[in-house]
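Following: one structure in structure tokens, then a few remarks.
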Amino acid sequence: MSSRSHNGSVGRPLGSGPGFLGWEPVDPEAGRPRQPTQGPGLQMMAKGQPAGLSPSGPRGHSQAQEEEEEEEDEDRPGSGKPPTVSHRLGHRRALFEKRKRLSDYALIFGMFGIVVMVTETELSWGVYTKESLCSFALKCLISLSTVILLGLVILYHAREIQLFLVDNGADDWRIAMTWERVSLISLELAVCAIHPVPGHYRFTWTARLAFSLVPSAAEADVDVLLSIPMFLRLYLLARVMLLHSRIFTDASSRSIGALNRVTFNTRFVTKTLMTICPGTVLLVFSISSWIVAAWTVRVCERYHDKQEVTSNFLGAMWLISITFLSIGYGDMVPHTYCGKGVCLLTGIMGAGCTALVVAVVARKLELTKAEKHVHNFMMDTQLTKRVKNAAANVLRETWLIYKHTRLVKKPDQSRVRKHQRKFLQAIHQAQKLRTVKIEQGKVNDQANTLADLAKAQSIAYEVVSELQAQQEELEARLAALESRLDVLGASLQALPSLIAQAICPLPPPWPGPSHLTTAAQSPQSHWLPTTASDCG
């Protein structure tokens, strides 16, 4: 029986089939060869094959193709080889962009739900009722946007967990699921899930009227309790501001912050905005809070305000404004606990904003460092000029007193007393100005801020470093000069012996028996004695 019958194929040599040495054929779906089924011994034999042949593929593959396959295996997420630094950085950058995009979409759908909720609430009070089809359709739209928002929030936190794994080099996502993170995700999902559900549901709302203290009961919609908490979705705006901030996205800023142990979070971005444009931030925050609080009070007071005082939007804005400014005229008061709670939060927020406004105005009215230096220089110049004028007045009055008392035949006592009075005034003025100048100098010394001290310290450090470098260079030169002097001293010490050897060479040693034998054997070599005349 020939080898072809054993191989199961025509024209294929023995031992080259698919099952030879446990190697399987190439899987067309995966695009790579299947793993061998043999033990480690055969795998070692496959690794020891020549570089020109690929053990995992057909013969004739070049080494370049093998290297390309290895690079593809490294890029695959399921490969056993660890990813390179460039691959991790690229993956991290892509996750950053995806997280930013998800945050933008979440803010869009969150704001869309709030706008539709406000529209449905206003239309249900004046255009149609809660039982109408339009109200049901708008509530279904709110529910759809809420479901999409919840999905985006989950995807956002999934990207955050992936970023945590990339930053810390972890493989299991359960490592990142701490109790704090789980609680935060649960709270965020609960806040975003609150919305008015489709349908018409009512409850009995009891309250006590403000002026008459008469109990009041009214049938209110459940949508009121589910619509007001939807404004908590505005926290997504702070997240978008953080992710789109240039300080957060700039790699150099993040590196400097990491070196200085500064955490780039929403609090840091808010402080930065308050430093750059405090007036704009306070204005936008105050107006937004004013509008939201006024609409919330209107919704809370609608069912118990028969005279339509606080249930009117303009009346609610007036109530919120006088509460925000801590004035409290008392002409309008809320009836329900919901309205009272909103007014309480508005008063606390107004007190904080008032303090911030005072701080911002005080900072704007304060002179800058350059303006302080110019002002102090001008005041010092004026004080110096006034002191010189006072000293000149003292000398002048002294001369006039001497002139009217000694250089005239008949002194005029009234004129003398007048000049003496001016003399004393000039002395007191000079002393006072000198005291003012000393105090001005103290103020100038105290005006040196920490920035000036830090700058002076840095300048002193640079000067000391330069002096230290020059001292080290001078010490190196002195060491080199000392070594050269040592060499020169050794040369000078050896100079007399060298001169003596050059003038009077040493005589050869006295010939012994061995020298005589050598002289006898070699007649050309002879020995001449050295006389005293040769040495001079």
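Here the Cβ of each residue, glycine as well, is placed from N, Cα and C on the backbone.
So that you can see what the record holds, here are the features copied from Swiss-Prot:
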type	residues	note
COMPBIAS	65-75	compositional bias 'Acidic residues'
COMPBIAS	515-536	compositional bias 'Polar residues'
INTRAMEM	342-362	intramembrane segment
REGION	1-90	region 'Disordered'
REGION	380-459	region 'Calmodulin-binding'
REGION	514-536	region 'Disordered'
TRANSMEM	107-127	transmembrane segment
TRANSMEM	136-156	transmembrane segment
TRANSMEM	224-244	transmembrane segment
TRANSMEM	273-293	transmembrane segment
TRANSMEM	313-333	transmembrane segment
TRANSMEM	487-507	transmembrane segment
Residues of the region 'Calmodulin-binding' (380-459) by DSSP state, where helix covers H, G and I:
71 helix, 0 strand, 9 coil
Take the C-beta pairs under 8 A between the transmembrane segment (313-333) and each of 224-244, 273-293, 487-507. Which stretch has the highest count?
273-293
Six or more residues beyond either end and a Cβ under 8 Å away: which residues meet both conditions relative to the transmembrane segment (107-127)?
134-135, 138-139, 141-142, 145-146, 148-149, 152, 192, 195-196, 221, 223, 227, 230-231, 233-234, 236-237, 239-240, 295, 299, 302
